[in-house]
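First the structure, in the form of structure tokens, and then the observations on it.
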Amino acid sequence: MDLEVVEFPLHHKLALPFRIGLLVIVGTWLWSVCYHLIYILNRYQPISPNPRGSLNSKWYHLLQIPLSNRHTDLEENTEFKANLVSPVDFHAGYCFAAILSISWATGFILFLKKTQGDIGGLYSHPIYPLLWVITAFILIVFPFPWRYRSSQRGLRKSIIRVFLFFQADFRSPYKDFIVSEIFTSYAKALGDFYIFGCVLQGHISKFTLRPDLKCDGTFFVPLAMAYPFIVAILQCLHYGLSRRKHTFKINLLSALKHATALPVIYLSAIIHAKQTKFTLTSGHGYLFWLWILSALLSSAYTFLWDVFIDWRIRFPFHKSINHKRFPMFIYAIGCFINFILRVTWSMKLHPRLHQFHEYEMGIFSFEMLEILRRFLWLFFHLDAISS
């Protein structure tokens, strides 16, 4: 196996931790913009009730909104919308994203200034790529005497519930479920971060080396990529078992949705490890066809779940859709874009992409498209919840 790294300038200037940081920062900005847009729409463009289109939605049980009281207790519904999107939340998101952007840009400029384009000394200054990570840790862990302290505390508690205990807050679980869903979009970035940890330990001398060369990458990188989906699966199962009478079936199906991603990740790792034993061309091995089948199944399941469950869009099976906020063609365009970007999720796990170092920025582009798709999903999901 060839260990030579092709020295593309863009690869070295935008090193791996900087690419991960860029994904996190863009996602934070888009999350804040999404919440801001939903807040404006809820305030200036209220939705007329449509009981016929919403009575069949099991998702309201998950959100702790009794269907019998949904249209009779307007005060409770208004209070729920107010708690769903608060100005303090997206203002804190803007502040958090701005601080991260400044720390990322500072580390990036210092990194380029120190290395001066010298490939030999490019990876000898790990503190600069990690500056945004240190900043994010401080913003989350250490309390600050600022106006957004409540949002900071809420984010910290949500992270602990989701990532350590695999739970969701029973009083308002939708935020914890959104956190776990967004975390799945960073599965590939989490695997890249493990590679960066190998670099810091001196096991890999270049960020652009393939992950299976050192650090048992054929096992730990797929495990790191699978962790967000494992978190989402356990969270759904825990909440479903705790609320068995109302939400067990829908949470079991949601856990199954996340579980469909695990075979794709596992088969990608196996094919990548055995790619020297067969050629991924016209004469594919049976593992490759299993990967194709699992990728199609996962993409189809998650796409249908996004449209019918998370967005509550019923066309073309219903004459009208539940939402009154936008015309039908807006939701149709959103579904089409979501389907196209769903395919890129599987494409970035394609085992053949790892055979060429020059595809590295292409894989990063796929990761950025997934962040954009998550913004689209979050917008229509919040639109469905607030309606």
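Backbone N, Cα and C atoms are what each Cβ position is placed from, and that goes for glycine too.
The shown structure was predicted, so the numbers you read here are calculated from the model rather than taken from an experiment.
The feature transmembrane segment is assigned by Swiss-Prot to 20-40 (among others), with sequence analysis given as support.
The transmembrane segment annotation in Swiss-Prot covers 92-112 (among others) and is backed by sequence analysis. Here the transmembrane segment (92-112) has Cβ contacts under 8 Å with residues 13, 15, 18, 21-22, 24-25, 28-29, 31-32, 35, 125, 127-132, 134-136, 139, 148, 151-152 of the same chain, all six or more residues outside its ends.
Residues annotated as transmembrane segment in Swiss-Prot, with sequence analysis given as evidence: 126-146 (among others).
What Swiss-Prot lists as transmembrane segment is 177-197 (among others). Listed by sequence, the residues of this chain that lie at least six past the ends of the transmembrane segment (177-197) yet keep a Cβ under 8 A from its Cβ atoms are 16-17, 19-20, 23-24, 27, 31, 62, 129, 158-159, 162-163, 168, 204, 207, 211, 215, 217, 220-222, 224-229, 231-232, 235, 258, 261, 265, 348-349, 363, 366-367, 370-371, 373-374, 377-378, 381.
The domain 'EXS' annotation in Swiss-Prot covers 212-387 and rests on sequence analysis.
The transmembrane segment feature in Swiss-Prot is assigned to 217-237 (among others).
The annotation transmembrane segment is assigned in Swiss-Prot to 252-272 (among others) on the grounds of sequence analysis.
The transmembrane segment annotation in Swiss-Prot covers 285-305 (among others) and is backed by sequence analysis.
The feature transmembrane segment is assigned by Swiss-Prot to 326-346 (among others).
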